[in-house]
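Asker: These came from TrEMBL, pasted as-is:
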type	residues	note
REGION	1-27	region 'Disordered'
COMPBIAS	8-18	compositional bias 'Basic and acidic residues'
DOMAIN	15-66	domain 'Fatty acid desaturase N-terminal'
DOMAIN	87-346	domain 'Fatty acid desaturase'
TRANSMEM	88-106	transmembrane segment
TRANSMEM	118-139	transmembrane segment
TRANSMEM	181-198	transmembrane segment
TRANSMEM	225-244	transmembrane segment
TRANSMEM	250-274	transmembrane segment
Amino acid sequence: MEAYQRISSDHETKDGQLKKKKRVRAPSEKPPFTLATLKKAIPAHCFHRSLPRSLAYLVYDLSVCSTLFYIAKTYIPILPSPLNYVAWPLYWFIQGAFMTGIWVIGHECGHHAFSEYAWVDNIVGLVLHSALMTPFFAWKYSHRRHHSNTGSLTHDEVYLPRFKDTVPWYSKHLNNPVGRVIRIVSMLFLAFPLYLLFNASSQKHDRFANHYDPYSPIFTDRERLQVVFSDAGIFTALYVFYSVSKAHGFVWFFCTYLAPLLVVFALFIIITYLHHTNPTLPHYDNSEWEWFRGALSTIDLDFGWLNRVLHHVTNTHICHHLISTIPHYHALEATEAIKPILGDYYQIDSTPIHKMLYRAAKECIYAEPDQDSKDQGVYWYRPYKHKI
């Protein structure tokens, strides 16, 4: 297979012209290295979780968000029209990006990567995710199952590819530029709430499942009490939201907090969807899947300056799936350490975000094996090539 580490929408030729670059699939065969080999290549300090350092990143993010909030509520309302109509969306995006960084820190708490103390991670994660309308423990446990079954067509928790015969009838009517944009926009703002409320785009169960019912089939008996704590966190946050909205008005609350929160939901979906939905990534049925191959069937993303704001959750995702307890401030170094060993198994997509989303909506419709391949348990995304 041709050496391939970076997916890009184009590259520059000798004469300065931009030329489309052929995408090459990630390897799907069993890797010639082990997880132990990768761990040995990572400097020992990368595995250390420092509570003071983690808190410092959290305090920084909270300080930035507080400053942005103060500027928005104090100065944007007094801006003359139409400047205020420009300032609000700009605030929503920037504030939402930094709030997503806080969500990422809560995500680290769920992986026990925030500190050496599980109780600290649980308390911090519960507070942060509750404020961002995410049921911490419920999401922690379902997300853990995603990490345990990544790339499995039958057991992965999220972003399961459809099979050709399960593509919805209405999908063919959205197989056009306008339809794809509609799908993308609706996914960005509805997918995460629908996943939490109805387990949408996840595993099918024999009865109704969601992330708020402690007796949902998503959870085991040992996890149910903590799901109740998650619910308590969400209800507390909703009560605070109601009180603030009642005191200052819904429009004020929407402009200062709810709109940035919608940006958090959208960025969360963009990141996770693109990490696992790419024409170059394999999925496996039960005859081929094993944890190590599944953990490698993901891709890093280059979001430019947003990488730093999002604590590099974008461009260290392969390493994160291999060793999820490495904190974000060591993840880049750990990624660089294992890249020479990963070789072709390491991929990073530097295509602009909007192009990645559109490509996934166009080319990742259903999954099936290659007809002429001996590996019929390895599935690849397909676009619409004919009427389904």
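Cβ atoms are placed via backbone N, Cα and C, with glycine included.
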Asker: With the transmembrane segment (88-106) as the reference, which stretch in 118-139, 181-198, 250-274 has the largest tally of C-beta pairs below 8 Å?
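Answerer: Checked against 118-139, 181-198, 250-274; highest Cβ contact count belongs to 250-274.
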Asker: Should anything in the same chain at least six residues away from the transmembrane segment (118-139) have a Cβ under 8 Å from its Cβ atoms, list it; otherwise answer none.
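Answerer: Distant Cβ neighbours of the transmembrane segment (118-139) are 51, 58, 99, 102-103, 105-110, 112, 196, 211-212, 218-219, 223, 226-227, 229-231, 233-234, 236-237, 261, 264.
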Asker: At a C-beta cut-off of under 8 Å, are there same-chain residues at least 6 beyond the transmembrane segment (181-198) that contact it? List them, or none.
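Answerer: Counting only partners 6 or more residues beyond its ends, the transmembrane segment (181-198) has Cβ contacts under 8 Å with 134-135, 138-139, 158, 174, 208-212, 262, 265-266, 268-270, 273, 357-358, 361.
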Asker: Counting by DSSP, what is the helix, strand and coil composition of the domain 'Fatty acid desaturase N-terminal' (15-66)?
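Answerer: Counting residues by DSSP class gives 27 helix, 3 strand, 22 coil.
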